Amino acid sequence: MNSSSVSFVFLGLLIGVQYLFSSASAQLDDGDHHDYLLKIDKLPDQMTLPSEDCLSFGYYGKKCPDLEAIINAKLKEWIVKDPSLAASLIRLHFHDCSVRGCDASILLDHEGSERWTEVSKTLRGFEVIDDIKAEIEKKCPRIVSCADILTAAARDATVIAGGPYWMVQYGRKDGLVSLAKEAEEVPMGHESITSLIELFQSKGLNVVDLAILSGAHTIGRASCGSIQNRIFNYSGTGKPDPSVNARYLNFLKGKCRWASEYVDLDATTPRTFDVQYYANLPKNMGLLPTDAKLYIDSRTAPLVSALADQPSLFFYQFGVSMAKLGNVQVLTGPHEGEIRTKCSFVNSHQ
C-alpha cells in the first residue's frame, strides 16, 4: 500500500469515527455524552498501549480523592492571571512525553538535565506544576506523582482554553534520569514529515496523532527566533520562503525583527481553541515549517483538509490522541521510578 492510500485509510477511519460519534450524540442528551465517550474510547483504533495495564481511572480514588479538584482549582488561578499558560502546559507535557516517556523528567532542574538544554529554554509552566504539587503534598503526602500531575494539568489546561475533555488514567511514577542530550530529539518545527512520523511511531503514535496533536497550535506562541531564517534567509538565499502567504509574510517581518519576540501560532484566532489552524494551512499561513508541510505531504494533507471544517471531529480525536500521548512509555512497576516530593528534584537530592 502506498503512502497516499495509507492517508486515505486514516481519513476514512476518522470520518467513520465522526459518523458514529455524530449519530450517537443525536440520540443522547448533554448529560450522557461522557458515558458515550467512554464506550467509544474502546474502539479498536483506540486500543491502549501495553504499559497502560497498570494505570487506572480510579488510581487515586481512595488515596487522594480531591486530586483533580485541586489541580483544576490551581490551574484556573494561574490561567486567569496568564491565559498563555494553557498552551505552555500542553507543550510542557508534550516535551516530557517525547523524551523517556511521560515520567516528569522535563521537570528535573539540575545541570545537564533536559530542562537546561537549548531546546527547552522557551518552555514555561514549571512554577504552575510546583504550586500544584505543593498543594497536593499538604493533602496527600508522597502519594501523587509529578508525571500524573503534569498529564492531568495538560488536560485541564486544554479544557480551560476551550478545548475538549478526556479521561486521564493515573498511576505513573516519576523518572530518576533527565539528560540534556536526549532532549534534542524533541521536534522544534523544522523537521521533515517523515522524521516526525518515525518519531511518533517510536512512541506508539501514528500519522493521525501527528496531524491531530499539531492542532494544539490553535493556541500558543512561538519565538521569533524559530522562524527568522524562514522569513529573512530561507535556505541561505538571503530571501524569505517563497511559499509563505505574501500578506502574512509582511506581518511576520514586522512582528519578528527581534529573535526574542513571540508570535502567535494561529494568526487568525490565536485565543480560541478551534480548527482555524488547519484552515490557515491551505492559505500558506502555517507559522512553522512543519505546519506548512502538513498540508503539502500526501500522508497528512487529507487529514488537514478533513479537520479544517469539522470541529467536532478535531475535538473528539484530540482527546483520543492526547490520552495516547499521556500513556507513552510510562513507569508503573514497583521498582520503576519514584513519587517525588518536589517535582524539580529526585528524592535523594532533596
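Yeah, the Cβs are placed from backbone N, Cα and C, and that goes for glycine too.
The signal peptide annotation in TrEMBL covers 1-26. Taken from TrEMBL, the feature domain 'Plant heme peroxidase family profile' applies to 54-347. The disulfide bond annotation in TrEMBL covers Cys64-Cys140, Cys97-Cys102, Cys146-Cys343, Cys224-Cys256. The site 'Transition state stabilizer' annotation in TrEMBL covers Arg91. Residues or ranges marked as active site, proton acceptor in TrEMBL: His95. What TrEMBL lists as Ca(2+) 1 binding site is Asp96, Val99, Gly101, Asp103, Ser105, Glu114. The substrate binding site annotation in TrEMBL covers Pro187. Among the features that TrEMBL reports, heme b binding site is placed at His217. For Thr218, Asp266, Thr269, Asp274, the entry in TrEMBL reads Ca(2+) 2 binding site.
Taking all protein chains in view, 21 other C-beta atoms sit within 10 angstroms of the C-beta of Gly101 (Ca(2+) 1 binding site). Residues Ile219, Thr268, Pro270, Arg271, Thr272, Phe273, Val275, Gln276, Tyr277 surround the recorded Ca(2+) 2 site, their Cβ atoms falling within 8 Å of the Cβ centroid of Thr218, Asp266, Thr269, Asp274, which are themselves excluded. Sequence-distant neighbours of Thr218 (Ca(2+) 2 binding site): residues of the same chain at least 6 apart with a C-beta under 8 Å from its C-beta are Leu265, Asp266, Thr269, Thr272, Phe273, Asp274, Val275, Gln276, Tyr277. Closest to Cys64 (disulfide bond) in space, going by CA atoms and restricting to the recorded positions Arg91, Asp96, Cys102, Glu114, is Cys102. Long-range Cβ proximity for Cys102 (disulfide bond), meaning a same-chain Cβ under 8 A and a gap of 6 or more residues, is found for His93, Asp96, Ala147, Leu150, Thr151, Arg172, Leu325, Gly326, Asn327, Val328, Gln329, Val330. Here the C-alpha separation of His95 (active site, proton acceptor) and Glu114 (Ca(2+) 1 binding site) works out to 9 Å. The Ca(2+) 1 site, placed at the center of the C-beta atoms of Asp96, Val99, Gly101, Asp103, Ser105, Glu114, has further neighbours from the same chain whose C-beta lies within 8 angstroms: His95, Cys97, Ser98, Arg100, Cys102, Ala104, Ile106, Gly175, Ser178. Between the CA atoms of Cys146 (disulfide bond) and Glu114 (Ca(2+) 1 binding site) there is a gap of 16 Å, rounded to the nearest whole number.
Looking at Ser105 (Ca(2+) 1 binding site) and His217 (heme b binding site), their Cα atoms lie 23 Å from each other. The 10 Å shell around the Cβ of Cys146 (disulfide bond) contains 30 further Cβ atoms across the protein chains shown. When the disulfide-bonded residues Cys97, Cys140, Cys224 are screened for a Cα within 10 A of the Cα of Asp103 (Ca(2+) 1 binding site), the ones that qualify are Cys97.
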